[in-house]
Each structure stands twice: as C-alpha cells, then as structure tokens.
Amino acid sequence: MQHHACSPPRLILASSSRYRRELLERLRVPFDVVAPEIDETPLPDETPCATALRLAAAKARAAAERARAPHGALVIGSDQVATFDGLQIGKPGTHARALAQLQAMRGRDVEFHSALCLYDSRSGATQSEDIVTRVRFRTLTDVELDAYLRAETPYDVAGSAKSEGLGIALLDAIDSDDPTALVGLPLIALTRMLRAAGYPLFGAPAPAADGVNGR
C-alpha cells in the first residue's frame, strides 16, 4: 500500500472480532484487520480497569509489530473486562460455566470496562481511555437462560451475553456514556482520539494533532 505525504495514515484494527469490525465500518474509513497474539491473563491484584487498559495497549502494539507498516499506522486496540460482586468475570468457555454466570447475575448489576488504545506507530504516542458501562440483567428462568445459550453460544464473551445479538433480551437496563462500548469498541471515544491524532474522519483535515497523551 502506497502512502503519500498528504495521505492519512494507515488505520489498523487490532482485533479478530467480527463485531468490532462491523462497528468500525460505521465510520466509513478504510482500515486493515490484524489479529494480535498476546497473553490476556490478568496480573495478580490488578484492577479491572488496569487489566482492560493494559491489554488494549498490548493488542495495539502487538498488531503494529505484526503489520510491518513501513510508513507507520494508527492502530486501534481494545479490550473488555466484566466485573460482578467485585470480581472479574472471565470468558466462560463452556455451556455449564456460562449458565452458572447468567444464573448468578440475574436481577443484578454488572460493570463492563471497555478499554480503548490508539497507538501511533510513527511517533510511539498513545491515547487510552476506559469506558464503564453498567448493565442490569433481567430475572429469567433457568429454561430461558439455557435456551439463550444454546441459540447464541456466547462462550467466548465475558459475561456470557452478546448485547449486539439476542443477548440484549437478557438485559433490563444499560447505563453508559457510549452506546457502542458494551459491544467492545467505543466509537465516541475512538472518534475523539482519531481527531486528536489528526485523522480526517470526514474527509476534511482535522486540527493539528495536539494534546495526545502518553498513557
């Protein structure tokens, strides 16, 4: 891919998630997908926010290395961690564990930390943010929960519910500053970061990049 001086930088999504890809497509910008390969194990005594932010940044940097973009790129990394009763909720992996998660959470509030990192491989600058979404689960029967799991098999999702699909029927309320955060790619935060990095979202030049933090 050729990049001229006046061309916007290459945009890379560091994720293999179809749902994150579909969200990014809403912005009508060209991008490539590079799946990062990292260890996602939480560190001892790490807070949910810290875990999500660390993994989002690690994914962005890992994808930047795999992409081998000679002219540099803006790389989007994201990660989501769910918490319930003060504990991190992992991806269930099996039907039995997913059912146990949903049984424990019915009628209760669950917090989702959706972390985002925009890494500029040209300068090494990063922008990071954690968007918190509070979700209340409906009180559903075991039969309903089992039927949902068999219909959508959300065993690779923290919290065992895909809000972008049938999983929305499990939820009673969602409280968030960014309606796309729960799906895993907070677009309000992302567009703010892209604009701060000087990326022309609307096809028109963005203001000169400034205020980009080094978190």
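Positions of Cβ are set from backbone N, Cα and C atoms, glycine also.
According to DSSP, Asp79 (active site, proton acceptor) sits within a strand segment. Cβ environment of Asp79 (active site, proton acceptor): Glu40, Thr51, Ala52, Leu53, Leu55, Ala56, Lys59, Ser114, Ala115 lie under 8 Å away, each six or more residues apart in the same chain. The active site, proton acceptor annotation in Swiss-Prot covers Asp79 and rests on sequence analysis.
Non-local contacts of Tyr19 (site 'Important for substrate specificity') by the CB criterion (under 8 A, 6+ apart in sequence, same chain) comprise Lys162, Glu164, Val183, Gly184, Leu185. Look at Swiss-Prot and you will find Tyr19 (among others) tagged as site 'Important for substrate specificity', backed by sequence analysis.
The C-beta environment of Gln80 (site 'Important for substrate specificity'), restricted to residues of the same chain at least 6 apart in sequence and closer than 8 Å, consists of Ala52, Phe112, His113, Ser114, Ala115, Ala158, Gly184. As annotated by Swiss-Prot, site 'Important for substrate specificity' applies to Gln80 (among others), with the evidence given as sequence analysis.
Look at Glu164 (site 'Important for substrate specificity'): DSSP puts it in coil. Taken from Swiss-Prot, the feature site 'Important for substrate specificity' applies to Glu164 (among others).
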Collapsed DSSP category at Tyr19 (site 'Important for substrate specificity'): helix
